[in-house]
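Novice: Reproduced below are the annotations present in TrEMBL:
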type     : residues  : note
DOMAIN   : A:37-263  : domain 'ABC transmembrane type-2'
TRANSMEM : A:39-59   : transmembrane segment
TRANSMEM : A:74-96   : transmembrane segment
TRANSMEM : A:117-144 : transmembrane segment
TRANSMEM : A:156-177 : transmembrane segment
TRANSMEM : A:184-203 : transmembrane segment
TRANSMEM : A:239-260 : transmembrane segment
Amino acid sequence: MTTAAPAPTHAHRPVPGGPALAAVFKAEGRLFLREPGSLFWMIGFPTALLVILGLIPSFREANPDLGGRRVIDLYVPIAVLLGMIMASIQAMPPVLTSYRERGILRRLSTTPVRPPAILGAQIALHGIAMIVSSLLAITVGRLAFGVALPFAQPGYILSMLLMIACALALGATLSAVAATTKAATAIGSVAFLVMMFTSGVWMPVQTMPDLLQTIVSLTPFGAASQALDRAMLGSWPEWQHLGIMVLWAAGLTGAASRWFRWE
Amino acid sequence: MPQNTPLVEVRDLRKSYTGRTVVDGVSFSVEEGEIFGILGPNGAGKTTTVECVSGLRTPDSGTVRVAGLDPVADHDRTTHLLGAQLQESDLQPKILVREALELYASFYKNPADWQHLAERLCLTQKLTTRFAKLSGGQKQRLSIALALVGNPRVVVLDELTTGLDPRARRDTWKLIEDVRNQGVTVLLVTHFMEEAQRLCDRIAVIDKGRVAALDTPSGLIGSSAGSTVITFTPSRPLDPAHLSGLPEVASVDRRGEQLTITGTDATVNAVITLLAQHRITARQLRVTDATLDDAFLDLTEATAPTAPTAGKAA
């Protein structure tokens, strides 16, 4: 560097917007790819679970209790939701919390780029991971077990996008309320078990007793599970389930932006 | 804007957190090209003060200006003029040195050449190393590089050398002098006397949220009572009362033949003159300067209620 040019102090120097934000996204993307463990749980694990379940012969047989569908048919949307749970609850909160804890946000506040840029990049990257994870589960489900592709169903796509919004807002809220990275991981683990249950990983929501099914349907992943299932059957998801997802996404986004502590 | 407007101006700054006053009426101004030190014990309000200067905190009252800009209201423009290395601000553990430099350079409209910066800061060998693998000194050098990469006019360095070994500390000092020689004004927060004494053109001593003194290092040392210590053995007996009668003398102590006198710079002349008048020569004469340490303790203890008053112990 040379002697600082005596810039006229009142000259308007616009903040570099696009290029700087793109650079932040690119840098965070590279860091994202340097976490193989986290990538496995978000993208590899849901499909691996699907394959393991698909290897159980009875899961590939038509089940009259499920209206002639196979268990594996139910598990593709569950694998899609599992990827979202992994990314939003297990992976994202510790990253965002550590950025606050390590003073990365603080350092960024002294530059022309504000901290929301880096948080936004991380949230977007986790959203992309959710989409990749979903596509992988759907593709493997089709190729290995002949589970119908859902892409012709606009209701499926809509439910998936709403659920991604919900999951990201949930992860952001956890990052907001957790004071430390350790706390984020701990809260994440508890939330993880709840979300696994409501999304039907252990017991597909369709097979739960009526009362439990009603309660679970009020949770974001429970509603999503029902909506995806309905869409898979070729009908439009119930408005009630879409509405529940919209409410959760909006409420959690509000909570995250209200409670997020920058330091 | 007139030429002599200070680059950084803080006037009557006050800030408290949940009822605890941390900064209680701090004023100072930093001229372009200075290394200005903010010195004080832990918890004196140093960091809060520079956080207000950097626009990270909104003062409760008082004004802060950086090149005429309000760092909070005009935050975006201030960030182009002011680079900061703050305490407890790390980078992502897996980011490479090179990536960090490139990334931060991309934030600015007229960035410095980051490769050149890396060279100056001896980071060229470490460009492909992850942040987490750097030593403490290397992390600090990278921090300085990031604070400078936007070509700022003023750089805030908070507790830069804390936790560094003496070698790395000296290297960092050299670096700060280099930075200033490149025309960048430096606002240096420290609690190391030696660091302040060696680097700073002027120092504001902050204690309990107030400016206890503001002067050049030698000015601060000279102003403290008992800053200069003179010891000698008079060639023939001398009544200590003659010495303690001098207005320039703070204290006189006799141990056997030897006399120990404390005072200021002016004391040396006064004592020599007195000896000459009495035709006494001073044998084994030693004059030792007090350090900034002594001045600092004087200044920061002066406000403590239990501090002993500097008396004339004869």
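Even glycines carry a Cβ here, placed using N, Cα and C.
Annotations in TrEMBL come from automatic prediction, not curation.
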Novice: Relative to the transmembrane segment (A:39-59), which of A:117-144, A:156-177, A:184-203, A:239-260 accounts for the most Cβ pairs at distances under 8 Å?
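Specialist: It is A:117-144, which has the most Cβ pairs under 8 Å.
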Novice: Of the listed stretches A:74-96, A:184-203, A:239-260, which one has the most C-beta pairs under 8 A with the transmembrane segment (A:156-177)?
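Specialist: Per the Cβ count, the answer is A:239-260.
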Novice: Spell out yes or no: are there three or more C-beta pairs under 8 angstroms between the transmembrane segment (A:117-144) and the transmembrane segment (A:184-203), with each pair 6 or more apart in sequence?
Specialist: no
Novice: Please give the sequence-distant neighbours of the transmembrane segment (A:184-203): residues at least 6 beyond its ends with Cβ less than 8 Å from one of its Cβ atoms.
Specialist: 49, 74, 78, 81-82, 85, 89-90, 93-94, 96-97, 170, 174-175, 177-178, 216, 219-222, 224-225
